[in-house]
Structure formats: C-alpha cells, structure tokens
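Report on the following structure.
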Amino acid sequence: MAEDPVPDLEESKESSSNELIPIGVKILEVILAVFAIGLIVDPFNSFHRIGNKTLMKLDDVGIIYVPIAGYILINMIIIVGYLMGDRIPKKTAVLFPAVGAFLFVVAGSVIVHNWRKFRGNYVDVSNNATFASKQYMDMLISGAVFVFIDAAVFALDVYITHQYL
C-alpha cells in the first residue's frame, strides 16, 4: 500500500483539460451548424413558393443540407458518447472532421453559387413581384459564412485531435 504512487494533482488536471478541448470544439461545430441551417432553411423554402420556375436545383439543396444535418447528428452522437464514457479511436476521430471540413467547404461554395445566381438572374424588371427578398438573400449569404467558419473549425478540430488524443 505504501509503495503505490500518489497521482500528481497537476498532471490529472492537465490531462482532464486536454480531453475537454476536443469536445468543446465539437460543441462549437454543432452550434455553428445549427446557426447555418437555421439561416438557410427559410430562404430555400421561400424560393420554391414564389411560383416562378426556380433557379435552385434539388441537387444543390441536397449537397447543402446533407453535410450540415449529417454532421449535427454525428457530432451530437460523439458528444453523447463522450459523456457516457466512450472513446473514439484516434484515426476515426481525425477522419470525421477532415471529411467534414471538405464537405462544408463544398456546401458553402454551393450556397454562394446559388446566392449569386439568385441575385443576378432572379429579378424580373417587368414584374416586380417576382424577385428574391433582400432579407432572404442576406440570410442565405450569412448561412454561407457560418458554413465556411464551421469548415475552419473542422480543420482546427483535425489539428487539435491530432495533438491532444
């Protein structure tokens, strides 16, 4: 009994805080993704209700929604798993945010592409009732900004996971 080493309190605090950093980043990723999807849902729904032939393709909507909603789900499962005491292997923990960063850059690029397309071609001068709302256009580009910020956080997550796990 007397020979058992006493754990150093400083080391246990440091290792505990190192484990919390990747989970904190996951929580930030979820928050940013929720903001992004909250900003783009209304504009995309309203563009289909105007009654004119829409310029947005269903493929674009899928490319945007699938990564954002999918990574909300994936990160929530990782967070809940962490709270239950489960640990993810390092390679898998690095692979998820690396793929997420790529997919979020693609989704953000498609949002910006659609924003430019709506902004340039959607206004009909002869009938001023068929143009995209400035508020919806602002919400769409703001959603793209959140998606790009989330992609940067995913890239940061790759670095942090590689360093601390």
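Each residue, glycine too, has its Cβ placed from N, Cα and C.
Features reported for this protein in TrEMBL:
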- 20-41: transmembrane segment (TRANSMEM)
- 62-83: transmembrane segment (TRANSMEM)
- 95-115: transmembrane segment (TRANSMEM)
- 136-160: transmembrane segment (TRANSMEM)
- Query: Cβ pairs under 8 Å with the transmembrane segment (62-83): which stretch of 20-41, 95-115, 136-160 has the most?
  - Reply: 20-41
- Are there residues at least 6 beyond the ends of the transmembrane segment (95-115) whose Cβ is under 8 Å from a Cβ of it, and what are they? 29, 40, 55-56, 60, 63-64, 67-68, 71, 74, 78, 137, 140-141, 143-144, 147-148, 150-152, 154-155, 157-158, 161
- Task: State the non-local partners of the transmembrane segment (20-41) in its own chain: residues 6+ outside its ends, Cβ under 8 Å from one of its Cβ atoms.
- Result: 64-65, 68-69, 71-72, 75-76, 78-79, 82, 93, 97, 100, 111, 139-140, 142-144, 146-147, 149-150, 153-154, 156-157, 160-161, 164-165
